[in-house]
Amino acid sequence: MAPPGSPRAAPRSRESAQLVVLGRRPAEDPDVAAECRSAPTTSAATSPARCAAVREAARTVRGLLHGAGINHPRRLAEVTEEGLAATVAPKVDGLRELLAAAGAELRLVVGFGSIIGRQGLAGQSEYCVANDWMRVELERWARRNRRCRTHLLEWSAWSGVGMADRMKVTTQLSRLGLALVEPEQGVTAMLDALTDPTAPVTLLVAGRFPATATLRVDPEHHPSPAGLRFAERLPSWVPGVETIAEATLNTGTDPYLSEHRVSGVLVLPAVLGAEAMAQTAALTTGPRGSWTFRGLELHRPVTVGERSDRVIRVAALARRDRRVELTVRQDGDRFGSDHMSATLVPSSPPPARRAAATAPATGPVHHAYGSVLFHSGRFQRVVRYDRLSAFTVTAWVHAREDMWFASYHGSRLLLGDPAAHDATIHALLPCVPHKRALPVGVEELNVWRKPVGMLQVHAVERWHSASEFVFDVDLVQPDGLPVARWTGLRLKAVGDNDLAGPMPFDHFGPWLSRRLVEQGWADRVELWDDLRVAADHPVGLHWTVEDVEPGAAAVKALAVLGESGVVAGRPLAEEDAVRFDEVTGDGLMAATARGARVVVAQRETDRGRVTAALAMGERDA
């Protein structure tokens, strides 16, 4: 059964019913298996004839779809009693007669109404009354006939078919802000309503429409936008369906922007973009105790000028199973492209509690700020690293309350402290200290509880190239309870870090591991912040902060690699020559000696000039 004028009918196998069409004139539709009978739809005298015609084609009438109607627009001053009666007749009188004649057999009644019956429209007073009275009739019928499933679908205008299309007013309606219903969408929406046991009798099935004094969506069971910073304006708000929220950002309204500069440019932090999406989703489908964003993509940054405004627009569209599609756009390109996107899905269960850990006392922030970590002010939350390599991080961050927005804006944060979430990400940057790495996406972000106090970050890399890095990151409380998880967090190197002065000693190991990858010399030699080494193949390491020649350091590394100082069958002496055939501009020298790859790195650090030599054998079979 398909709505009149639809380009396709639903497959007969789904409905398993014969369709009989009653109308004022016969019609043929090759897509619908139907019996078409010509009969008036308003006269009580012809009701028996109509029902007889139906039973001639189908012995038992189980369902009724009532879509009859006429529409003759006229100004309110031109409405007459006769004209009103003529418009009401097919909608109401015809429905009454059909229900009276076939009511005992019916198990399904569907009426096609109009959004005009609920909202009104200039020149449509008669049609408005007719549709509203039909709604009253069907709701009364539903109360008296509980065994018969009854629905009134109040449609807005369709695209390409239907009354508005025949009257050639769709362009005018679009200019008023009404989004036309595509036929495929309309058919799907009707079938969804008919298969939903919780659907109410009257349903408004419409594209986006402008709010008017006569029709506004009731937000009674949804949170108020009051207190939500990124819901400064709501160009569209249909709880349960969609929300479009806008906010104007500048350094006065959002002072954190001045503390989040990438190469000197003010950038909206990804975690604040996620907060904006959470707020918009909450206005759409209601509040949540925990949050799961899937497929969170950071397509391009939202930048803000030093002395100018930036308008962001966040759109949320509800789908089935409490999924919400979300996008963030900005006025710099006239809202023409997504800068962030994600799908909010039902929350994933939290993982098992980790082992408890002793949190450090609140103290000064880590020395990496101002060099590798470009963040300032309220974003400086990394306190200590317990473990740091290019591929693994254990660190402590501090979550606390702070003022994020101007006092005249809302201060509610649905995901909790943005700086703690941001620190969870930027705690990974010392894993690649010589590069400016930025997040570009995450497979799944879970926030099970708001971050409070000292929290531990556990990060393990799962994949990398020379310029891209994928981590799984957990944020947990000291008692081991999970706070958040970033699964498949993708970072991308977008440039070099201009590091003035000596390198922090604890960054030397991660730097050397990454440089081995970038040069193609070794894919995963893990050097910790204290210059311990681990790899899936034999590695000899020698390092010192004393003044030593690279060749001598290389020989000592080869000695460590060999068994009892033996490589290639004979003892090694420090005076054995190692000829370096590759030299880089940042202090790396490479050679092949005794069948092993030898790399020597020299770098000024805050502990002095470090020389480290690695001798790398073949991977174990």
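Backbone N, Cα and C atoms are what each Cβ position is placed from, and that goes for glycine too.
Model, not experiment: these values are computed from the prediction.
Per TrEMBL, the feature region 'N-terminal hotdog fold' maps to 223-351.
Annotation source TrEMBL lists domain 'PKS/mFAS DH' at 223-500.
Listed in sequence order, Leu266, Val267, Leu268, Pro269, His375, Phe379, Asp422 are the same-chain residues six or more apart from His260 (active site, proton acceptor) with CB atoms under 8 A from its CB. Positions annotated as active site, proton acceptor by TrEMBL: His260.
Here the region 'Disordered' (337-357) has, by DSSP, the following mix of helix, strand and coil residues: 0 helix, 6 strand, 15 coil. For 337-357, the entry in TrEMBL reads region 'Disordered'.
Residues or ranges marked as region 'C-terminal hotdog fold' in TrEMBL: 371-500. As a summary of secondary structure, the region 'C-terminal hotdog fold' (371-500) carries 15 helix, 65 strand, 50 coil according to DSSP.
The Cβ of Asp422 (active site, proton donor) has 22 other Cβ atoms within 10 Å, all protein chains considered. For Asp422, the entry in TrEMBL reads active site, proton donor.
Tertiary proximity for the region 'Disordered' (337-357) is limited to same-chain residues at least six positions away from its ends with a CB under 8 Å from its CB atoms, namely 270, 273-274, 277-278, 281, 288-302, 316, 321-330, 444-446, 448, 456, 458, 474, 476, 478-482, 485.
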